[in-house]
Amino acid sequence: MLSKVDSFNKGVMDQMDNYKQLIFGAKPKWTVILTVTACGASALVLLLKWFGHQQSWKKIQKAKVRRERSLQRAEHAVCQFNESHPETDTSLILSLSLAELSKQLKDGTLTPQAVFHSYMEKTLEVNRRLNCCTEVLLESWDQLEDVDSHKDGLLYGVPVSIKENIGYKGHDSTCGVICKLDLPATGDSVLVEVLKRQGAIPFVKTNVPQGLQNFDCGNPIYGLTLNPHNPQKTSGGSSGGEGALIGGGGSVLGLGSDIGGSIRIPSSFCGICGFKPTANRLSLRGASSCTRGQKSVLSSLGPMARDVDSLALCMQALLCDHMFRLDPTTDTYLLDNHRVYQSSKSLRIGYYENDGYAMPSPSMGRALRETKALLEKAGHTVSTPQPQSDLFVIIQIRAWGLLGDGGTTLLSHLKGGPVDPCLRDQIIPYSLPRTVNKILSILLKPIFPRIAASLDSLRGVGSVQDLWRHHADVEDYIHEVIAEWRRCELDVLLCPMVGPAYIHNYPGQLTSTLTYTVIYNLLNFPAGVVPVSTVTAEDEEELRHYKGNYGDLWDKLYKKAVTGGEGLPVAVQCVALPWQDELCLRFMREVEMLVREDKK
């Protein structure tokens, strides 16, 4: 029998065992609970991601079905028209310039119905080869029935293609990103309204790269667009669908947008003419963007066509009182088509062949020299102005403008779906922390100074004060350049144009080559592109020995990107001072005429 003390001790020991069991026995239970909770949370995250991807996939499939139905209905309508109008001479209609086409529409030689269906048939054929259209605008048949009410319009009866991001009532303007699907425009963009008022018939939307901030042309919704001259090459971007469609003969006139070369590069790659007006010359109202609110580097809408006269006619049609009423924020300066555009006065032309940053390919350099020689032979004066400021500083100013947020806004538009291969390499540094980009830029500076400067600029603008300082730097640079033009008494400038067309997926790795185009967005100078030559076998042979200005990774990638370009178009770029759009077009026309005469 236990004593009272022993009983008490035993009770204490039993109680301690209970406490031990309570404390230490609970540990495995909490571990299980935490483990189950963590696994459940992970499963939930994966489930939500899977659900998000499923929703994205459904949206993409819905858009593809919508596009396919519009193409099928257009095909059916074209077949019906051809059966009932066997006399239509489609090949003749397609061979006419915009000026000739417009004249024959106005005098009744051609009917809007014949022209519309001829171009619709050709568009369907080109799209089958190049995948350049995102949707046929079926409402265009309704407009065709009512087109005679606008017979006095400058573009009466002319079918016009429009870039996918330009608003058309009832249709998406996705910019190639999934988050903008199923958000149809509630009304037409200003320029679409003006086109309709001038008698034009917007009939198809054309493809773009994902997010628009790229000069390839592919996205997860509508796929990859091919170059009309070589399917292994890109059509350019971001107005790549327009370039491919017009270059392939499926459209006589199109509208694109340009914030770093997005009209000019596809025009160069596809062998057509393109014009970036002074910003705010044409209304941007109703055009979609993935970087809306960015004001440092300005975007412009502008025309793309087979010849310069078509660009001038389109500008004349758009710069009308109706556009100014719809958007009073645009400049009310009408295009004086006769006084400046048709002038034969000799020009003082600035010229440079290499900006010291991105060396042109042999074909680009040759085409530029040949054009310079033709201009001098025609009596124009050509001189070389002094370059302004350190180009590395200018590149940083440009990047801080376009990517002042470090790419955050663009990346936010890519969430919830796949990233297209054409954009994948480009956005890798956008996703890195600012500190990592800074460290990489310091480490790479002695070896690859261009890449280092680019990474440093991708850190974005750190404060409002920095943003204001950036805007002041841009203003100073603009006035520096204008002062040099004045000192040299220049009218216009002839300079290299990015090209020839790159192999698919290389543009995202070669934003370094955009120095020849984005600089004129930064300066807000009107600029246009004219095809003047094609790549020769001799150019390809010389390309084998291409080293570039730095001999770095970018120069080596560029050589690979443009290799295999024999027969591809090569263009030059024509530039004028702000608001002198007519003079820029006149210079482009002069280049076009001299090149045409030289080939006879």
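From the backbone N, Cα and C atoms, a Cβ is placed for every residue, glycine too.
Taken from TrEMBL, the feature transmembrane segment applies to 30-52. If you look up TrEMBL, you'll see 117-585 marked as domain 'Amidase'. Annotation comment: TrEMBL describes Lys163, Ser238 as active site, charge relay system. Here TrEMBL flags Leu212, Ser238, Ile259, Gly260, Gly261, Ser262 as substrate binding site. Under the heading active site, acyl-ester intermediate, TrEMBL lists Ser262.
Shown on the structure are the features that TrEMBL records.
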{"residue": "Lys163", "record": "active site, charge relay system", "contacts (Cβ under 8 Å, 6+ apart)": "Lys205, Thr206, Val208, Ser238, Ser239, Gly241, Glu242, Gly254, Leu255, Gly256, Ser257"}
{"residue": "Leu212", "record": "substrate binding site", "contacts (Cβ under 8 Å, 6+ apart)": "Asn165, Cys175, Gly176, Gly237, Ser238, Ser257, Ile259, Ser262, Ser289, Cys290, Thr291"}
{"residue": "Gly260", "record": "substrate binding site", "contacts (Cβ under 8 Å, 6+ apart)": "Gln213, Phe215, Val297, Leu402, Leu514, Thr517, Val518, Asn521"}
{"residue": "Gly261", "record": "substrate binding site", "contacts (Cβ under 8 Å, 6+ apart)": "Phe215, Val498, Leu514, Tyr516, Thr517, Val518, Asn521"}
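One way to see the shell of the substrate site is to take the Cβ centroid of Leu212, Ser238, Ile259, Gly260, Gly261, Ser262; the remaining same-chain residues with a Cβ within 8 Å of it are Gln213, Asn214, Phe215, Gly237, Ser239, Ser257, Asp258, Ile263, Ile265, Ser299.
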